[in-house]
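I have placed the structure first, in the form of structure tokens, so that the comments after it can refer back to it.
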Amino acid sequence: MSASLESAPVPVGGTADGLGELCVLMKLGEIVLKGSNRKLFERRLHNNIRASVRDLGEVRVSQRGSGVIIVRRPGASDIEVAEIADRMANVMGVVWVHLVRRVPKDTASITDVAVRSMEGREGSFAVRARRRDKRFEMTSSELAGYLGSEIVKAYGYPVKLKRPDNTLYVEVDKDEAFVFTDGTPGQGGLPAGMSGRGLVLMSGGIDSPVAAHRMIRRGLKVDFLHFSGMPFTGPESIYKAYSLVRQLDRYQVGSRLFVVPFGKAQQQLKSSGIERLQIVAQRRLMLKTAEVLADDLKAECLITGDALGQVSSQTMANLTALDDAVDLPILRPLIGMDKTEIMDQARRIGTLAISELPDEDCCTMLTPRQVETAAKIPDLRQIEKRLDAEELAEYLVTTAQVHKPSFLGEAAPARLDTSRAAAVRA
Ligand code: ATP
Ligand code: MG
């Protein structure tokens, strides 16, 4: 996503001693409220930041006060720093991303860079100044007033303090000052991994990637499980799941995708003559399989893209029947959302176009003409007893192949060990 490039301040040249360099300043949200656990959260966030630019060379990450992080890569070009800023807009826990100039902490240098940053603007402007070092020679409002008057002198823009067309920000820190204009909104939320682990049931559809994004945003680190219709369908749904996970990997680096061929299990269910219960029975078997895998992966919850009433399998009675299949909690972050809202989110997180590619969902094959909207739990349990569903779920997990769809520009390892054992070891 190149949104932050568009709103980058007008580049001004760096100085020989490294000040004036372009770097990234990020504002944090909720994380600043977390009291004594703050250090842990900060460490998690800093690690996530480093992981998301691992392929771009070494960066320096530093905390400024509780709500600001600076990421620098001394010697990098402006384009390279803009790429870092783009990546930061996807790191969970970050509320705003700014490309900033790092300047010496004296009024003359700050004024020089501030005035040059405002060249070629249209409309009104305001200056907002902040000091994290209260010993600086001017108060924040003195500094803002002074810079404002210098900008008026240089360009004659009208000053407008409420809702200006352009805002110039100056933050005076302990060793340096930062000068910047607009920013890009980040994802908000909490750093991925801070709330534990989850396992997402990932179809190739629109909903499950959005559900995954929502839970990553609340601090879960997630793995993904996809059921393909293989051997009765082609591999298209797997390619889609793979691309979707690679896109979601931007928000939590290091994602794993487990793929289970589900066709034969579906056929087995079908031939037991369950008719209208097929879909719910199938979904229960998926959940049971997911629960076995979650145990291996130390995931504490399952995540699905269910939304109440969206399709006939998602009635309240059916969702209750699904909950009954497993002990782990099933998180359904989309439960109260409309399809249009979900689609807007999918577009925003970059998964919609992938989800809309054609594929053959394993559920459409072998789907009965009529779907039970009020599945009865005793009926389902009886079917599962006949089929020995628990054992089938254990078996299905052993057939899983694992992939690591990474969004980073790293060369893939020559030969990927796709066995489940290898993934669990990793
Ligand atoms: P989606 O757009 O996520 O496919 P949907 O509206 O098509 O959802 P269903 O097909 O009933 O609804 O699926 C509901 C949820 O069940 C999905 O969001 C997903 O979490 C899970 N699910 C369905 N099919 C699969 C599959 N083939 N592999 C893994 N999970 C699946
Ligand atoms: Mg679906």
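Heads up, residue numbers simply count up from 1 along the chain you see.
Cβ atoms are placed via backbone N, Cα and C, with glycine included.
The domain 'THUMP' annotation in TrEMBL covers 82-183.
Around the Cβ of Gly305 (ATP binding site), a 10 Å sphere holds 25 further Cβ atoms from the protein chains shown. Look at Gly305 (ATP binding site): DSSP puts it in coil. Taken from TrEMBL, the feature ATP binding site covers Leu201, Met202, His226, Phe227, Arg283, Gly305, Gln314.
Each residue in the domain 'THUMP' (82-183) gets a DSSP state, and the totals come to 34 helix, 29 strand, 39 coil. Classification of His226 (ATP binding site) by DSSP places it within a strand. All protein chains considered, the CB of Met202 (ATP binding site) has 29 other CB atoms within 10 Å. Sequence-distant contacts (6 or more apart, same chain, Cβ under 8 Å) of Arg283 (ATP binding site) comprise Ser313, Leu322, Ala325. In the shown protein chains, 27 other C-beta atoms lie within 10 A of the C-beta of His226 (ATP binding site).
In this view, Leu201 (ATP binding site) is surrounded by 22 other Cβ atoms within 10 Å of its Cβ, with every protein chain counted.
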